[in-house]
Amino acid sequence: MAEDYEYPPARTLPETPSWAVALVFAVMIIVSVLLEHALHKLGHWFHKRHKNALAEALEKIKAELMLVGFISLLLAVTQDPISGICISEKAASIMRPCSLPPGSVKSKYKDYYCAKKGKVSLMSTGSLHQLHIFIFVLAVFHVTYSVIIMALSRLKMRTWKKWETETASLEYQFANDPARFRFTHQTSFVKRHLGLSSTPGIRWVVAFFRQFFRSVTKVDYLTLRAGFINAHLSHNSKFDFHKYIKRSMEDDFKVVVGISLPLWCVAILTLFLDIDGIGTLTWISFIPLVILLCVGTKLEMIIMEMALEIQDRASVIKGAPVVEPSNKFFWFHRPDWVLFFIHLTLFQNAFQMAHFVWTVATPGLKKCFHMHIGLSIMKVVLGLALQFLCSYITFPLYALVTQMGSNMKRSIFDEQTAKALTNWRNTAKEKKKVRDTDMLMAQMIGDATPSRGTSPMPSRASSPVHLLHKGMGRSDDPQSAPTSPRTMEEARDMYPVVVAHPVHRLNPADRRRSVSSSALDADIPSADFSFSQG
């Protein structure tokens, strides 16, 4: 009978020729070393080109590969103990992904250890190996899809570069003359997004279809650019908005390329609900499409709402129409939620494609998961179209519209300037701690009142202005990263460098008291140099 058939035992390592063992081992080592060397060279090239955000994204990819390697090691080590866990045949017959003939669990999957107890294994050695392969394929597809979304997004944003170049031309300066009065409804930005588009109910339909056709036009880009500069920088600032968006998108790529714990939970839930009869993998393949279409529609609606706000604000405007960035346009006043939904969509799409490739390439699974080959092909085509839509349309649109939040991102500064501001703030906090400690010690010894002759005076080290000079002096792109959110003249007004007064000699007692009071006297609020994370 089938249940009494004994499969021949597999050949062990001592029974394998040594040349075969050495050959396989050498191939694995060579492939691993070449991959590690290629990733190291790529990281060196990112640092050489000052692509620090991409270098950090590469480190996250390495971390994901290390996590997959650890999962593989864990599965290999615990393979025998897990297969030794026995469950009843009734428990093994419920919530299966495929329908099997009655008694098939007993006849095909019973091992000798659990057969003595009249039970079956929780997971056989073969099923653990298949799960091992699936996790590896999922990680590869997620990283591949992340690279594709970055490449296609940068390709789409190349068309915006010429619009950024036009802002320095005389034609642009004349068309946006600040002394020119115009009716609001006659401006190109308002005319594009109002009219029929402003009708309640219809504008959602218009926003839905607009994301597929001319999702970002020249007038949209220039108007949002002017609104960002007017809100966060000086009005006449020569700011490269296009390069800022690219740096911001590279920072977002660091988030997209990773697989967070919530995404792993989504994968576990999908596998848990993969039950024969309910078609989980079929209907769940449409969820990323629905999410992505909702995100694209919402981003187009944000641009429409800003145009409507300009129309309601005044019937006549002076100069070009200026939008007012605010978090109120986004879901729950959180612009970062949009990135989370895009990240979830990308992971779900990679999961679907990895599952398709895994089931097709693994012997014995094709008959189970692809009984309707037409439906399987439809899911693959849907996944590829979804990837193109997310990479070439939605993600670039997000990179532009998300700048209309209330806070600017830290990528507005170049790397040296951002580090200089961060170091200055950390130094100020450390000095404040030292000052507080000295004052506490002075109170304990009964000398809590500092000397009047040694009033604290801000020093050059307590102002970030000189750090901005140093950071900008080392920057390779001075125009793309302004010295501060305002001009340097305004920065000096905000953080004046006080001219040193003549130094008077103090006696030893006064000098000890001046040590505790000459530290940074003003508290540094956390919000002074804070940036939105994104």
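Using the three backbone atoms N, Cα and C, a Cβ is placed for every residue, glycine included.
Positions annotated as transmembrane segment by TrEMBL: 20-40, 61-78, 131-152, 253-272, 278-296, 337-360, 380-401. Per TrEMBL, region 'Disordered' is recorded for 447-534. Sequence annotations record features per position, and here TrEMBL assigns compositional bias 'Polar residues' to 451-462.
In this chain, the transmembrane segment (253-272) touches the transmembrane segment (337-360); three or more CB pairs sit within less than 8 A of each other, excluding pairs fewer than 6 residues apart.
Tertiary proximity for the transmembrane segment (20-40) is limited to same-chain residues at least six positions away from its ends with a CB under 8 Å from its CB atoms, namely 13, 58, 61-62. Between the transmembrane segment (61-78) and the transmembrane segment (278-296), the number of CB pairs under 8 angstroms, six or more residues apart, is fewer than three, so the stretches are not in contact. Long-range contacts of the transmembrane segment (380-401) within the same chain: residues 145, 148-149, 151-153, 155-157, 211-212, 215-216, 220-221, 224, 245, 248-249, 252, 285-286, 288-289, 292, 295-296, 299-300, 302-303, 338-339, 342, 345-346, 349, 352-353, 356, each at least 6 residues beyond the stretch ends and with a Cβ under 8 Å from a Cβ of the stretch. Beyond the transmembrane segment (253-272), the same-chain residues lying 6 or more positions past its ends with a Cβ under 8 Å from any Cβ of the stretch are 53-54, 56-57, 60-61, 63-64, 67, 138-139, 142-143, 146, 149-150, 280-281, 284, 339, 342-344, 346-348, 351, 534.
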